[in-house]
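Taken verbatim from TrEMBL:
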- 66-86: transmembrane segment (TRANSMEM)
- 98-116: transmembrane segment (TRANSMEM)
- 199-224: transmembrane segment (TRANSMEM)
- 244-263: transmembrane segment (TRANSMEM)
- 284-306: transmembrane segment (TRANSMEM)
- 326-352: transmembrane segment (TRANSMEM)
- 364-388: transmembrane segment (TRANSMEM)
- 408-432: transmembrane segment (TRANSMEM)
């Protein structure tokens, strides 16, 4: 998939460099780059994390920190792209900006390939979906068999009491007990069953993060629209763009991640005994709490803006600049950056740690799916709000932002997020973590040191960060 992304980048550069308008080539290049991006983006993070050896405590602790620094380098690359490449595109030219981006991409890919002989690689072991299907089929076939662990196949301390109906997949009848040949579609191991249970437990956690993603969606929509109506001058002859405050989110993350990793985690580890300081679900939950707070604060800030509009008789003039500083929006950007540093990284850690080894890249892709679903959910909420408000004669979210009742929408999102948080707490409390972590020793002697792995993460993230 990396060659596909490289080809897409080259074609994009060519399409914006030619004098004539080459719209078809431009969209073909976008599709090719998207296919490559969708293929390597979830796999790259998982592959990098696989370079750590779970067999030692030092390596396990380093892996926990890895996800923090991985996300940090992503944000740093994104901020660099927004400010530096954005400047080049506007002041130098799209062709030169795209050419530079393509060169950086190819250099990053080349550096990644230099160390290809030293990376730890896992050989394919078959489709993980087959193992999942076998558990459900075996459980269905033995739905009338009494579940007794004394007659189970591969019983160990891994066994959990969740989803007990799946336990029948590992129950042995008389024929299976006396036979040396086991049909995998009738009899599954304890490990198979427990992995499926974990997957079923992760699904509601993923769904409960959709509302968090909906709140984050306001960052690139209504937050910017609010900013366009406010005073943006920070000097007599200099006015910042309405979208520039989005860079604050990245800056907040750049500060939050090191503080969390180097200060909070060591302190929390002393009290909890967790190598990650707090559990993954607790970290996600902390971000969800901030998500609720973010919408409450955003609602009050918008109410303040509307109050200023009323004072200056600007309610019917949507294009007028409201005499209120854009810096009133700063708190909600800070909160959204902090919640990102908690929930997004916690989500990535949870899925990598709990997913079956064969499905870890799929787990990494789940976050992208959640953020993809958010657009549909967000549009659905807006459509319902507009439809209901229109029936009562005072349409919300109209083109005139001063009469759009945006603060009411924010408080509705705060209420929905609070309900979602309560549901999440119930789900997280019921979630059962893996009891046994798989140790995969490095037999080929090709492993890397912790320092080399961090360098690896910084270099490879530039392959997609920009």
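Note that Cβ sites are derived from N, Cα and C of the backbone, with glycine treated the same way.
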Long-range Cβ neighbours of the transmembrane segment (364-388) (under 8 Å; 6 or more residues past either end): 41-43, 45-46, 202, 206, 209-211, 213-214, 216-217, 344, 347-348, 351-352, 395-397, 409, 412-413, 416
Cβ contacts the transmembrane segment (244-263)/the transmembrane segment (66-86), at least three under 8 Å, sequence gap 6 or more: yes
The transmembrane segment (408-432) and the transmembrane segment (284-306) contact flag, 3+ Cβ pairs under 8 angstroms: yes
Criterion met for the transmembrane segment (199-224) and the transmembrane segment (66-86) (at least three Cβ pairs under 8 Å): no
